[in-house]
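A short worksheet on the structure shown next.
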Amino acid sequence: MSSLQELCSGLPLRPLPENRGRWAGVPHAPVRTPNLSPEEEQLALRNALRYFPPDVQKLLALEFAQELRQFGHIYMYRFCPSIEMRAYPIDQYPCRTRAAAAIMHMIMNNLDPAVAQFPQELVTYGGNGQVFSNWAQFRLTMSYLSKMTEEQTLVMYSGHPLGLFPSSPRAPRLVITNGMVIPNYSSRTEYEKLFALGVTMYGQMTAGSYCYIGPQGIVHGTVLTVLNAGRRYLGIENLAGKVFVTSGLGGMSGAQAKAAAIVGCIGVIAEVDKAALVKRHRQGWLMEVTDSLDRCIARLREARKKKEVLSLGYHGNVVDLWERLVHELDTTGELLVDLGSDQTSCHNPFNGGYYPVQLSFSEAQSLMSSNPAAFKHLVQESLRRHVAAINRLAQEKFFFWDYGNAFLLEAQRAGADVEKKGANKMEFRYPSYVQHIMGDIFSQGFGPFRWVCTSGDPQDLAVTDHLATSVLEKAIADGVKASVKLQYMDNIRWIREAAKHQLVVGSQARILYSDQKGRVAIAVAINQAIASGKIKAPVVLSRDHHDVSGTDSPFRETSNIYDGSAFCADMAVQNFVGDACRGATWVALHNGGGVGWGEVINGGFGLVLDGTAEAEQKARMMLSWDVSNGVARRCWSGNPKAYEIICQTMQENSGLVVTLPHEVADEQVLQQALRP
């Protein structure tokens with residue numbers, strides 16, 4: 001077992017570490033099929049060997065060539081550390097700056113086997129959300145961070161540490177870009193080749209920006225989504241006895257089970273990967289499991305009748321579950337489901353993100369690498385069956401929404417019946433959850449703010465929970481609009497119940513949907529608590545990229561923007577640059593995330609609070625921009641809620657001056673002006 005000191009000493013070369021290959025007992029990423037030419041295979045190998053001196057290249061070349069041909073990528077398994085990968089307390093990292101140690105804390109959390117989906121392939125979540133492309137990059141990055149001073153910035157090119165460059169103490173310590181390819185080459189096919197060559201990487205969202213906090217990171221948003229789906233579609237506040245059916249128990253989708261329990265409904269979640277299902281059950285995120293469809297339906301009926309709170313994991317394909325629910329409806333007249341969605345990794349449907357109903361899990365894993373064309377055909381056939389079952393249930397009082405995972409987009413490409421008559425190209429038969437629910441929340445400036453206590457002490461997290469609750473209660477007492485008060489009340493309920501629901505997996509972290517005012521106030525309160533010693537170590541502030549300003553994604557985050565700019569990425573890019581200018585400790589900008597490669601531009605940040613006045617100033621400045629940027633853009637697109645919020649924010653901050661839109665007063669003016 002190596003130490004953190006050894007881990008940060010660079011690439012171990014003399015002697016080389018033992019090549020232990022792929023580990024047993026942990027899930028592994030599906031085999032990739034980049035279809036490289038012989039010349040491209042040589043280039044991939046040449047690129048990998050750049051990290052190593054000539055005296056070890058011959059030995060490593062044979063290993064790396066075998067990895068490339070066997071797994072479709074060079075992961076450099078020999079250099080996978082033997083040390084336990086987890087978020088160690090910040091004081092244990094051998095660093096010259098606290099900021100660098102905090103970044104190390106976050107990186108190692110992303111690769112913790114309790115957190116990461118495929119830890120040995122450096123995938124945190126989403127099937128292909130990489131932290132790094134290979135283990136040499138990880139080791140070099142840790143070495144650079146251990147040497148970094150307050151007058152250097154580490155530059156990351158899609159997993160590759162380009163090096164430490166001189167900068168000012170107020171500059172970011174780390175700047176990350178992932179997948180920044182020329183737009184004409186941003187196709188799925190090109191990505192597979194470029195990733196195999198080791199020159200780009202799909203960082204998902206918080207995987208490649210080192211800000212993932214386990215499935216808790218999406219629980220709060222899922223709670224708000226299901227809660228508001230009940231309000232909007234069912235007209236109720238209390239979801240007792242209501243059934244929510246969906247799929248996925250992975251790094252992000254695993255949140256659905258916990259969210260169902262928190263909102264008090266019956267959640268039935270299908271998962272084809274037994275390892276993922278067992279992992280969530282052992283972590284207490286899933287109450288019951290079954291691999292019998294008959295038992296699943298019987299248990300669902302029982303819980304529905306008794307109005308139990310239940311999260312039930314079905315080990316099987318969700319298409320079988322949907323088709324069985326149709327069978328029950330057609331034979332008994334009983335509709336057993338009220339709400340439905342899907343969280344398969346449909347952004348990556350042909351390489352392990354979606355498993356076709358016609359095959360077992362192992363059969364699918366084999367076919368996707370041995371015959372990709374046949375596998376794609378089965379996936380698309382399965383998607384058509386999937387949608388057909390949902391369409392039948394939707395003829396009754398059942399409501400389905402797309403969870404921003406490209407499910408309806410891929411279903412459309414597969415020829416499924418998801419078209420909406422008279423709709424634009426961003427709309428389908430069923431709404432995106434952003435269009436009907438989260439879009440208005442974002443427009444009011446609320447989004448998935450989060451923080452991580454780098455001490456690793458649960459008591460520090462408890463202090464932050466108390467501080468956040470007090471901040472929100474004070475905001476309500478000071479007076480807020482009714483729509484904002486509803487958000488605050490939902491968030492107070494969340495933070496009060498967070499500890500009870502054992503949400504922490506990995507680092508001592510908390511997610512809380514908050515607006516600009518709330519984020520700034522919480523940050524200031526936490527920073528003051530660090531200064532006074534109530535919190536023992538620095539706290540990292542961050543957020544999901546899936547936020548007010550962080551992501552341009554026409555089929556998810558910006559799907560409720562209707563002025564034609566939903567396909568433009570100025571907001572996300574400006575956010576990345578603006579955060580860097582205003583005090584972020586690190587920033588990241590990614591291609592892809594959520595809906596998939598080429599469909600999204602998104603970014604995130606990390607901001608280390610250390611109890612200093614400078615940290616408070618940075619938090620005030622950066623967090624204000626990080627929210628107002630997106631609210632201003634949503635206002636300009638014509639969203640009335642965003643208009644109201646940005647006007648209020650300008651009244652409170654004389655330095656903020658935003659261009660406001662004028663509505664066309666008379667629609668006939670347009671028609672008359674364009675008359676032939």
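Glycine is treated like the rest: Cβ placed from N, Cα and C.
Since this is a predicted model, take the numbers as computed values, not measurements.
As recorded in Swiss-Prot, the features of this protein are as follows:
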- 126-127, Gln204, 251-253, Glu271, 317-318, 343-347, 354-355, Tyr403, Gly594: NAD(+) binding site (BINDING)
- Lys534: N6-succinyllysine (MOD_RES)
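Annotated pair Cys346 (NAD(+) binding site) and the residue listed as 'N6-succinyllysine', C-alpha to C-alpha distance, rounded: 44 Å. On the backbone, the CA of Gly251 (NAD(+) binding site) and the CA of Lys534 (N6-succinyllysine) stand 32 Å apart. Within the same chain, residues at least six positions away from Glu271 (NAD(+) binding site) with a Cβ under 8 Å of its Cβ are Ser247, Gly248, Leu249, Gly250, Leu277, Gly313, Tyr314, His315.
Listed in sequence order, the residues of the same chain lying 6 or more apart from Gln343 (NAD(+) binding site) and placing their CB within less than 8 Å of its CB are Thr246, Ser247, Gly248, Gly250, Met252, Ser253, Gln256, Tyr403, Asn405.
A straight line from the CA of Gly126 (NAD(+) binding site) to the CA of Lys534 (N6-succinyllysine) spans 37 Å. Residue pair Lys534 (N6-succinyllysine) / Tyr355 (NAD(+) binding site) shows a Cα separation of 48 Å.
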